[in-house]
Amino acid sequence: MSSNRSQNPHGLKQIGLDQIWDDLRAGIQQVYTRQSMAKSRYMELYTHVYNYCTSVHQSNQARGAGVPPSKSKKGQTPGGAQFVGLELYKRLKEFLKNYLTNLLKDGEDLMDESVLKFYTQQWEDYRFSSKVLNGICAYLNRHWVRRECDEGRKGIYEIYSLALVTWRDCLFRPLNKQVTNAVLKLIEKERNGETINTRLISGVVQSYVELGLNEDDAFAKGPTLTVYKESFESQFLADTERFYTRESTEFLQQNPVTEYMKKAEARLLEEQRRVQVYLHESTQDELARKCEQVLIEKHLEIFHTEFQNLLDADKNEDLGRMYNLVSRIQDGLGELKKLLETHIHNQGLAAIEKCGEAALNDPKMYVQTVLDVHKKYNALVMSAFNNDAGFVAALDKACGRFINNNAVTKMAQSSSKSPELLARYCDSLLKKSSKNPEEAELEDTLNQVMVVFKYIEDKDVFQKFYAKMLAKRLVHQNSASDDAEASMISKLKQACGFEYTSKLQRMFQDIGVSKDLNEQFKKHLTNSEPLDLDFSIQVLSSGSWPFQQSCTFALPSELERSYQRFTAFYASRHSGRKLTWLYQLSKGELVTNCFKNRYTLQASTFQMAILLQYNTEDAYTVQQLTDSTQIKMDILAQVLQILLKSKLLVLEDENANVDEVELKPDTLIKLYLGYKNKKLRVNINVPMKTEQKQEQETTHKNIEEDRKLLIQAAIVRIMKMRKVLKHQQLLGEVLTQLSSRFKPRVPVIKKCIDILIEKEYLERVDGEKDTYSYLA
């Protein structure tokens, strides 16, 4: 007797697929036609699947006729009730295929938005229904499907994935071209400014993404994007390239580059938003690269030409826009950096040339001109170029070039003119004057000075001139502010190190020590016989101060006692130390009793010595003054010129032009008893012109000598470490080591090498061209 339901020996039921399929298919049909379903009905369908999968079948029935059993992972051929499911799987697959084949008929003739509406709506419905079906078949998924996949059988999927695969094969592939073309048309409409239904595109994209199943692992999480990339993205990117190639070419033909940049900026932003609104995020980088290539890279030459125009016209906003665009291209900024460097260099040269000869003798004008150029382009680099390191470097190179070599340095025939003028500008800032700025403003100005200092190649020249001027300010007690002096030295120390400022700091220390010494000397005088005049000194350590020893001079008798008392006092405190008096730097005050008014004259020691002679006589020849003061004739002539111009002394012919008269030994110089001045306190201690010129020449000479010593020291250091070195390598290392202080000239380095060979620090290696070895 035959029956579809019979008991096996173990008492388990055997349920045939035909018994449940009609009702199951009706339920599935209900799901895919989006009819409402009660929970009880859903459970009935689930139970059908469960009962079938757990019924007892023979292994060949479970797998299906003609399907060879697959090996398990342990090499066994399993069989049994827990593996029933193939026949059900086949029928589900067939159902989905038939459903989609019929559905395709409704959409295969549709185009443009109609096909998109059809595709996205059907996809949403199908996807939802398939998830419901997946739930009904949960037991089948967990057991039979899982086992088949574990066994490595191809073409078996979870039921939801099976639904996607069937959609891909039966509906997506036939409609793919129509749908993709419709999407691309819609995107082009949006690019042309039309409003579109973006949900249609996002629906298609979401479908394409989900259809990218992992064929090798049915249970893998997340799509592979294969379908999306191959069926949509590649065509979308090609379309994008075509669209923007045409648009950019046409736009540039009809509009200025500045307007094109705004357009390109807007388009790049649009495409970025496009991805955010309805494309897959993985498209972002590829799309950006494609747009940048078409909108920017293909037009770089036009950008480069326009960059120069924008610099000339100071169009900072447009320059910033160009930077933002071109910075998207790999190595795209190189040409812009070169153009900026050349432009700043030319602007700097032009600005200094415009000042003309005036800047040669006006440190403030010169430095301010340099700072104005730097300030302008530093602001540009910060605002338009985002303080990009490459553009900062371009600014630095350009400033270094025009500051160290320009119209002023050419007029002076010396690249050392810039550091000298900068040092003189510092002197004008730090010296007492009626125009001294407030402390905060002065600090800010000193910071600006350091901006220029950074670009100075010959920092040793600056140091020499700065040291000389600082020394004078300290000796003449002419500093506007001790705090400002200390601040500037601190800035220089930070920029160049301790060694660079060590002498400057020792000068400060000497001034402090001298103050204490004066107090001690005054105390000493109160305990003995006091002097009949106010006397103070400054004792300076000879190695730290940039002063030459004094020339011959006979101290006036009025000062002799003070001189002797202090010399004895100092010797009692510091045995073995020798004092060398710097009369040319000394000064004092004379009170007059020979004129209608009583004047206080602030005079140099040389001026005092000459004027004090007139306490005994009203007139002297130049020779007599030379004999009594022991001042050399060339210096005496300069001192007398100043006294004659101030009208304290006059020539025998009182109406003679002082500048035109040559002072000879027999020239008579008289005290002018009719001297008048609006001020009762008169400063006649002004620097002598020839003294200034001589000092400048001496400074430059000292710089050259110091450089030779520094170069020799660097060569010895390098050779001591390297032992043997080729000529070119040695030159390179010397230049590198000394570049922070100055730029050594190659002929001078060669000369220093020869000097060291003569001194037997080095020798040339026999048989090897241009090679030196160190002699310990």
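Sequential numbering from 1, following the chain as shown.
Any Cβ shown, glycine's included, is placed from N, Cα and C.
Between Arg63, Arg146, Arg246, the residue that has omega-N-methylarginine written against it in Swiss-Prot is Arg63. Across the domain 'Cullin neddylation' (706-766), the prediction's mean pLDDT works out to 83. According to DSSP, the domain 'Cullin neddylation' (706-766) comprises 42 helix, 6 strand, 13 coil.
A simple way to gauge crowding: the CB of Lys720 (NEDD8 cross-link) has 11 other CB atoms within 10 angstroms, across all the protein chains here.
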